[in-house]
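Novice: This is the feature table in TrEMBL:
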- 32-305: domain 'Sulfotransferase' (DOMAIN)
- 139-158: region 'Disordered' (REGION)
- Arg200, Ser208: 3'-phosphoadenylyl sulfate binding site (BINDING)
Amino acid sequence: MAATRLAMQLAMDRPTAPIEMHHWPSDQPCRPRFMIIGAPKCGSTSLFKYLEMQPQMQQPAHKELCYFSAFKRHMLRGRLGAVNDWGLYVSAFSGRVSLTDAMRERCSRNATECARTHGKRRGHGGRGGRRRAALAAVGDEAAGGQQQVTSDDEAAQRRAQCEDGRLLPFEGCPFYLGEHAAASMIHATFPQLKVIAVVRNPRERTVSAFNDYVRVGRIRQEDGNDRELASLVVEMIRKVQSGERSLEDFDVRLLTSGVYIHGLRKWGQEWPMEQLLLLQAETLFSEPRATVERILNFLNIQAMRRLPSHTPTRRLHGCASRRITSPSFCERHDDACLPSFTR
């Protein structure tokens, strides 16, 4: 069954090392001013791309740094990166060049750590070979996101613009919304931060997440059918309602990422309401220009480039090919998730 295989891939064990709390270094001016915190499959990627079009925005080296997310750390366990290293996380906000330099410096001191992350490349044996392979690989690791600065001088210029307020650094991690610990840690680290959350009809979100699980191989293609989706969701509902799983356990996130009230209540307790903005993905997809204008007003900045007038059809109808119409499935799913969407 797809449920059994998915549970094996998303094992229940939590990362052994706790997320370490740090103070932001005073010599690093590109400190995040706002975050897009999720939820997954709710349009956060589209929103991230719309915002990075504005020249005042300083996007990080790549989307989903997710240092404060236990789930993301679990998925990338054993790999060196901004997700599990505070120094690399800080560097990522100054751009791709800064993150690449930080990773190269780290690998020059600890080739074994980088070799675990990137693996051996063919033709590179021994300690020296592992070091060369790791150093060659870190550029690819850090370049996983948008086209950014291309020289040390430009990176320094970006840092200066962060310092005088001409650039607004930001992060986007869709997993933060559903994790109580992330809300507490981020508030303790960045108490002045502004937070943007995007939610979507939970049933549409679950279907979209299932399609994505099939695409990336967490669920095999032969199991990627409507019957398996219904069976998987019903089993997850049973586990959560029986107390066998909590809403934050990794192997039920396909369903529970749509129980928005779990995260919204916690984030609302941690943050003043004037620092929170809640959006609906359906409005973002149908009215992107008005939505982005609302966000820019929330951030107290003016648009300096033409705002988007539409969302690509594939984003608006991302799960049109898989519409679950079984009354029993829809009723059980909506009973589990929809109350949190309509409150």
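Think of each number as a place in line: the chain as shown, counted from 1.
Positions of Cβ are set from backbone N, Cα and C atoms, glycine also.
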Novice: With every protein chain in view, how many other Cβ atoms are within 10 Å of the Cβ of Ser208 (3'-phosphoadenylyl sulfate binding site)?
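Specialist: By my count, 20.
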Novice: Restricting to the domain 'Sulfotransferase' (32-305), report the mean pLDDT as a whole number.
Specialist: 85
Novice: 10 Å Cβ neighbour count around Arg200 (3'-phosphoadenylyl sulfate binding site)?
Specialist: 25
Novice: Check Ser208 (3'-phosphoadenylyl sulfate binding site) against DSSP and tell me helix, strand or coil, would you?
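Specialist: Once the DSSP labels are grouped into three classes, Ser208 (3'-phosphoadenylyl sulfate binding site) ends up as helix.
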